[in-house]
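Asker: The L-isoleucyl-5'-AMP binding site annotation in Swiss-Prot covers 552. Residues or ranges marked as ATP binding site in Swiss-Prot (evidence: sequence analysis): 596. Swiss-Prot lists 887, 890, 907, 910 with the feature Zn(2+) binding site, giving sequence analysis as the kind of evidence. The motif ''HIGH' region' annotation in Swiss-Prot covers 57-67. As annotated by Swiss-Prot, motif ''KMSKS' region' applies to 593-597.
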């Protein structure tokens, strides 16, 4: 027998190296085969429901780091809630309609106009489903648990039917209307866009000042006076029918050479500098209200432009007189309608000037800027041309600029129930709190929602037209269409004639001959996803409406959060969510947006292959995702190191509780040593803190609290101290079993606490814990206990940890001075102040063991510390090399080695342990 055979060295098959890239897939396969998600749902039947509703990602392409951040965050919450007393089903979803899929098919050579609409839409459906399969694999590879076999998909028949019913509920209340209004128009995709489909990029635009000659100055201005406007869209000058001024502002007529001009008084100096007027002389000052209904000559066409009053005119830029084209601007439209101006669009669907822009027909609008500017110059109306770069709206899919263009569209009136939506926002809890203001302001300031789209791949608007062109939006017809969609899918709209889509025997006074046509436009995709609260939450029996939480990127304040709120309040009167948690974007290590063109993209698959999905999950738990998050390979390397520390500490506890049977070896709390009870109290604190942080969705605090406890409390202190007991004492020694009791309790609690973040690692530890549940994911979160001596222990041991820290400094200095090597070579004498002396009396533990030294003594109170002592605020410390020899079993420096003649190699403590437990060693001696 060798000396090491008498030690209780921890042994385990739990590997030091995680092998995450390989082993995670094995665990994920087991979860699927054993239906762990379904088992968890069954366990939670009858418990209160927590409903996190998944915002559907678009089914196009593999997932990126933003997807990973979002889906893992959701998974952490759902796993935690499921383990903490809630029934928390998670149904993933996908958004499948819209332009990107049409674009992908075009790239593959599919020609939409060379096939039937139903054949084309079938290709779109097939592409979407193939992308869903790809993304489902990606999400599951991240360890995300959910009902992956029964996701919700916006192209599902029942989903489309529910969406039609949401539309019907809005129509019934009078919120849907048909109108000619300027809307965001994407010439690159030939369709209207919602505000949520707009993104801003810098663009270079012309900046022109144009003079309109007064025709009727209402007795205030002569006809030799010019009204000066400023615009950055020369192509809209042919659509000009008016000039708008603010009734409250002061305006001036100024003489410049032999010309007279009118600008806002406050902007005169700036305009004069821009145009190059020298010494403009003010002739008159008057209010904007005095100019109301004056007229001026259009600089290009034989018609007049009307001067109008409106409050939207500001002094931020320009001249204080606003070029007004009712067909190409929202404010222009509002004031134009008020004054009875025509609403004319001078651009067609593809962005080319049309017949309403004589002289420029067939010219692309951006090219027309140059031609129109030249025409203005030729007429003597151009006062200044310049160029500047500014933030300009672009199509979020094609990345091309968009324009405002008046078209006849279907709208949802926000004004009709705006106050109701704003009141609903007050019922929602927002994290971060600024989200409430952001969403409130967006709803308060937004215009009506244009819900029609001129595309092929989407849910048709369930609207019919009578013989006289009257739209038919009736409860009976809408419900019938919803039933048809539920049975056959929305393709039925394109497969059948209008009469075959109407209820049998349907008649309408506007169609005396029984002839009907159907709407060709489809729904805005935001109406698709925005109807999920009814199509999914209210429709599926295992789910519930409203949701407890919507968790998405901060761009969804103008997207899914927004559209869902509008449709939900319209259809049901309440918000679809009780809480919103928003996240920032994932950027590269330099804070730049990730893009293929910059070559700075990092995809989850790459990180999974190098580090494992567990490292991505741990990274998600360490970042503050309420704002933008930087991502680099270095981040994951650092996270991998943090993971290694967590794993190694847990592995140590697994190894050193291998011979511990919790059923028979557990030591009651009251019988534990002081340091053991202190660690139980600390564990209790950790359980409370971690669960509080989970409840607040504060993953960073969860991770920091767990890691700090593992690394600082356990690895750097308790487990280090425990080695002298767990390794050295007899297997069933009460002190050893006491420390194993603490280790096992910590390991069990921490494994449960890390399961939502590190599920693969938790499952790897779980079999060693001998628990009744087959998987950690099926266990419940640990409950904090109540210990009567908690505050007393925390007070005592807080003082001891300060004391220990100072002794460690003294040991480090002794090591630097070559007095000792390891701390076990040290003999420590302390000269404490009275409070420290009292604390050491209260600790009630072997201080030498706690300091991991071979000798420790407290000098008598009357003894003066020697000059060579290390001085601290409340004590002095002397460190010497301990007298004696190193015991080969406990590694302490002892003066009593050989005192037992039967075991002359050992110190008296080790000899007594070996003699009592290993008689062969006494009889035969140790092998060399």
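Including glycine, each Cβ sits where the backbone N, Cα and C put it.
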Asker: If you compare CA-to-CA distances from residue 552 (L-isoleucyl-5'-AMP binding site) to each of the binding-site residues 887, 890, 907, 910, which comes out shortest?
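Answerer: It is 890, whose Cα lies nearest.
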Asker: Using the Cβ center of 887, 890, 907, 910 as the Zn(2+) site position, which other residues in that chain lie within 8 Å, going by their Cβ?
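Answerer: So the extra residues in range turn out to be 728, 888, 889, 891, 892, 894, 897, 906, 908, 909, 911.
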Asker: Around residue 907 (Zn(2+) binding site), which residues of its chain at least 6 apart sit with Cβ under 8 Å of its Cβ?
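Answerer: Same-chain residues close to residue 907 (Zn(2+) binding site) (Cβ under 8 Å, separated by 6 or more) are 887, 889, 890, 892, 894, 896, 897, 899.
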Asker: Would you mind checking how many other C-beta atoms are within 10 angstroms of the C-beta on residue 910 (Zn(2+) binding site)?
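Answerer: For residue 910 (Zn(2+) binding site), the count of other Cβ atoms within 10 Å is 26.
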Asker: With H, G and I counted as helix, E and B as strand and the rest as coil, say where DSSP puts residue 910 (Zn(2+) binding site).
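Answerer: The residue in question, residue 910 (Zn(2+) binding site), is helix (DSSP, three-state).
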Asker: Using DSSP, break the motif ''HIGH' region' (57-67) down into helix, strand and coil residues and give each count.
Answerer: 3 helix, 1 strand, 7 coil
Asker: Would you report the average pLDDT that the model assigns to the motif ''KMSKS' region' (593-597)?
Answerer: 73
Asker: Count the Cβ atoms, other than its own, that fall within 10 Å of the Cβ of residue 887 (Zn(2+) binding site), considering every protein chain shown.
Answerer: 23
